[in-house]
Structure formats: C-alpha cells, structure tokens
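TrEMBL feature annotations, pasted as is:
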BINDING   Thr133, Asp207, Glu232, Lys262, Asp266  substrate binding site
BINDING   Gly298, Glu299, Val300, Gly301, Lys302, Gly303, Glu319, Asn422  NAD(+) binding site
COMPBIAS  32-41  compositional bias 'Basic residues'
COMPBIAS  42-61  compositional bias 'Low complexity'
DOMAIN    267-428  domain 'S-adenosyl-L-homocysteine hydrolase NAD binding'
REGION    25-81  region 'Disordered'
Amino acid sequence: MENWDGNEGTSAFHMPEWMIQFADQKQEFNKRPTKIGRRSLSRSISQSSTDSYSSAASYTDSSDDETSPRDKQQKNSKGSSDFCVKNIKQAEFGRREIEIAEQEMPALMALRKRAQGEKPLAGAKIVGCTHITAQTAVLMETLGALGAQCRWAACNIYSTLNEVAAALAESGFPVFAWKGESEDDFWWCIDRCVNVEGWQPNMILDDGGDLTHWIYKKYPNMFKKIKGIVEESVTGVHRLYQLSKAGKLCVPAMNVNDSVTKQKFDNLYCCRESILDGLKRTTDMMFGGKQVVVCGYGEVGKGCCAALKAMGSIVYVTEIDPICALQACMDGFRLVKLNEVIRQVDIVITCTGNKNVVTREHLDRMKNSCIVCNMGHSNTEIDVASLRTPELTWERVRSQVDHVIWPDGKRIVLLAEGRLLNLSCSTVPTFVLSITATTQALALIELYNAPEGRYKQDVYLLPKKMDEYVASLHLPTFDAHLTELTDEQAKYLGLNKNGPFKPNYYRY
C-alpha cells in the first residue's frame, strides 16, 4: 500500500466547516496499487453497455405507449426540452417517490443542510451515468443544492424508473434515460449528456465505466478541463486501474467501490436483503429446503448466502480465492466446484464480476426448472449469448423472467437476461444507498476542491476519516450513541480522540 502524506508538498485533506470538526487535520491518502494482475477485467465498451439493473416498481412497465422517447417532442412546465424521458407527465408520481426516498437517506439530507450555505460544488459541472432511481434523484438534487450543474444518463438499459426521470426533468435536470433502452439508445443518451453546445463537464460520476470510456473514445479533449472521476462499481474500478496501468488515465479518480462504507454496507447488507426480494417477485418461490449454489464469496456472495441460509436453503459456494473459500467453510457452507453440483441445485446465483462463470455446458446440465440469476455488476457472468441458438426456445413468462426451453422439454428460468437481479427485478434498500450516495458526494467535493498537485493521474481511495464521517451521519437514525475515548485512553492507544480509529490496513 502506497501512501501519500499531506506534509509533503501540499496540504492534507481539510474538513470544511459544514462537516464534523476533527482535531487532527493531517491525513494520509491511500493510493490503490495499480498492479491488479489476474484481477484485471478484459471487457470492451460494447460488452458493458447492457450491464443492467432495473426496478419492478415503475409505473410505466405496462405502458401501451410504444413510441420511442427519442421520437417525442416533450417540454417541462418551464418550457425546457433539454431531456429525454418516457413521459414527462408522470413527474408528479416521481416526485412522491423521491420524497419517500429522502426519508430514508438521512446523511444526504444532513449534508445538503450543512453544506448548502457554503456551496462547495459551485461551478462544478457534473456529468453522471448511474441508475436513475429515486435514491439517485436525492443525490442529484443534493449536488444541485451544493452548487453543481448536472447532466445524467442511465448506466444500464433496465434500471430507470420512468416517473423519477420525469420528475428530475420537470425540476430542470437534463436527464436522458428510460426503462428498456436499446443498446443504440443507451449510447445515444450518454452522448446527449456529454456532447452539448456551450457546456463542458469538469467532473464525472460513473457506475460501470461506460461514460468514462465514451468520453475517452469520442471526446478525449474534454479531459483537459475535467478535474476528476468518481467511480462506484467493481467493473468500473477495474477499468480505471487498466487505464492507469497502461498510462492512459489522464485525471485523478476516486475508487468509491472499495471504501469501507460501500463494501461493507452496499455490497453486503444490501444484497442480504435484496436477493430474496428479487427472487420472490420474479418466481414466487419457497426458499426452505432449496439447494442453491452461490458463485463467489466476496461481500455480495456473503450477503446472499446469509439470507438464503436464514430462510432454510441448502447453500453451496464456489470460490477461486482460498481466503474467501475458508471464510465460506467457517460460516458453515459447503465449498464445491460448480460442475459437482450443477445437476442437483435449484438455483444458481453468480456474484463474481467475472465472465463466463456459468457456461453453456453448465446450462445444458442443469435440472429442469433451475433458476439462474446474477448478482454481480457485470452482465458477462452467465453466458446468455450461447442460449440464443435455433434449437432453444425463449418464452417470456413475466417482466424480466424468461423460460429457455431445450428440445427435450427441459427448461431453465433465466432472470433479467443474466443482468443484475435486485435492481432489475425488485428494489434495493434506500438506507444503504444513502451510505453510498453520501460517499459519492463527498468524493466529488474532495476532488473538485483539491488544490493542484494533491492528486496525481491515478486511482485513490478516500481517507478513512471520510468513511467514519459517512457512518456517523447515519447513526442518529438508530438513536445510537458513540462512546468517546478519554484522554488517557486515546494516549494509550496512540489515537486522536476524533479519529481515524483504525489503521488503513484494518479489515472490518
């Protein structure tokens, strides 16, 4: 782990007045090593364009209006047409959803209240590519309240809540997204966000890396004015490290995905709750006694396994990492190779972020009515392309649920066409997304306000003090009371009373 010490050259991270005043203003910034070895992900732009997430809660799922939003002429109540959504008339429904989400996102609302007087993002022009949900809307409106101008597209083709996109467009946000985009629509929307006369982005907020790579591919000169990139997904972070390793990363980037608050809360606790929700809504299945294989025992896999075990399922785990494998064994799960259990399991869940984890050979050997789904960011984990052959019949059962039928009558139940289950087929807990969104907002503030020279053209982690701050903003929801160190205790431990409380190498 390489460290950058604020004493050398430029001042260290400084908490503005609107944040909790920590006594110790010296902070090391941790730069993630650029040597990623076998973890590098070889994904092309075209492969990643349909990494998909969605919510089944959209009011427009059953809409009989098949006209493409690109062919519509729509204006909001202020006369602006700088957006492209399914139906601007649904803005009122979307506004209600945003208001509900605000109640479960206390840290963002606190950040908005504390910082809006100072406007730490005044002059920021943020182009974003994330899920367009009520939770994202709260983040976008917070960024707006802090002084930023925003333009937004969806990071996938299924995740957008049409009514929320309409509410944002009605509020004056240039949003280009709708549920069920084609791949051509997907890239068109990103381009409309970036390529606009008289508007030059100076910050990027990305989820998956598609927006970043589109700018590299089409508008590389824009990076001359861009101060930094904030990326929140495993896939997007891998792509940033690839750029860094190749010497092609020309601006600093913040790796939000590996922040403690993102890894431990969004990945673990979010998936622990949403895996069951997604499976129930799509299949109405009973979990008790079902045999399930979960591919990958990282934070996402841990959450999925814990939830399924608690419901009485018999859970197997596959892993490549001996440390994660040993954790699975100690947690009471049987560690297997996929080939060993593929004929007997009722559900297959991928949680790796890799490619071709479930191959056509595995799919051919599955039992009748086996449910196949993905909880990783990438849509490459299940080899869905191999199923689009003449001898197999696809039968749409309900939204995001397909039966793939073999010539002998055997069928598998494929959810969300192999894309992310929870955001494609259900919703995710708003409170957990509040943690991630707050971390994203603080990363944007830090990169935007950092003096020249603080960050080089590399990928960085946020300081631990920032993670602790994000966590502290969420504690009042639980009426939680932190214990404070005495002077004697702090001296004994060699800590500042206000943190950070753990060394950078600590594993929570």
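Placement of Cβ uses the backbone N, Cα and C atoms for every residue, glycine included.
Automated prediction, rather than curation, is the source of TrEMBL annotations.
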Using Cα coordinates, what distance in whole Å links Val300 (NAD(+) binding site) and Asp266 (substrate binding site)?
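That comes out at 9 Å between the alpha carbons.
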Going by C-alpha positions, which of the binding-site residues (Gly298, Glu299, Gly303, Asn422) is nearest Thr133 (substrate binding site)?
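Of all the candidates listed, Asn422 is nearest in space.
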May I ask for the distance between Glu299 (NAD(+) binding site) and Glu232 (substrate binding site), taken between their Cα atoms and rounded to an integer number of Å?
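Glu232 (substrate binding site) has its Cα 15 Å from the Cα of Glu299 (NAD(+) binding site).
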For the binding-site residues Asp207, Asp266, Glu299, work out the Cβ neighbour count at 10 Å and name the residue with the minimum.
Glu299
Which of the listed binding-site residues (Gly298, Gly301, Gly303) has the least company, meaning the fewest other Cβ atoms within 10 Å of its Cβ?
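Among the binding-site residues Gly298, Gly301, Gly303, the lowest count of other Cβ atoms within 10 Å belongs to Gly298.
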Where does the mean pLDDT land for the domain 'S-adenosyl-L-homocysteine hydrolase NAD binding' (267-428)?
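Summing pLDDT over the domain 'S-adenosyl-L-homocysteine hydrolase NAD binding' (267-428) and dividing by its length gives 94.
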Where Asp207 (substrate binding site) and Asn422 (NAD(+) binding site) are concerned, what is their Cα separation in Å, rounded?
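The Cα atom of Asp207 (substrate binding site) is 16 Å away from the Cα atom of Asn422 (NAD(+) binding site).
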Spatially, which candidate from the binding-site residues Gly298, Gly303, Glu319, Asn422 is nearest to Asp266 (substrate binding site), comparing Cα atoms?
Gly303
Around the C-beta of Glu319 (NAD(+) binding site), how many further C-beta atoms are within 10 angstroms, looking at every protein chain?
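Its Cβ shell of radius 10 Å holds 23 other Cβ atoms.
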Quick check for the class: what is the C-alpha distance, in angstrom and rounded, between Glu232 (substrate binding site) and Gly298 (NAD(+) binding site)?
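Glu232 (substrate binding site) to Gly298 (NAD(+) binding site), Cα-Cα distance: 16 Å.
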Rounded to an integer, what is the Cα-Cα distance in Å between Gly301 (NAD(+) binding site) and Lys262 (substrate binding site)?
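It is 15 Å, counting Cα to Cα.
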Rounded to the nearest Å, what's the C-alpha distance separating Gly303 (NAD(+) binding site) and Lys262 (substrate binding site)? Just drop the number here, would you?
13
Cα distance, Lys262 (substrate binding site) to Asn422 (NAD(+) binding site), nearest Å?
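If we compare the Cα positions of Asn422 (NAD(+) binding site) and Lys262 (substrate binding site), the gap is 17 Å.
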Counting only residues 6+ apart in the same chain, whose Cβ is under 8 Å from the Cβ of Lys262 (substrate binding site)?
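Listed in sequence order, they are Glu232, Val256, Ile435, Thr436, Thr439.
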What whole-number distance in angstrom separates the two most remote CA atoms of the substrate-binding residues Thr133, Asp207, Glu232, Lys262, Asp266?
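With Thr133, Asp207, Glu232, Lys262, Asp266 as the binding residues for substrate, the largest Cα distance is 18 Å.
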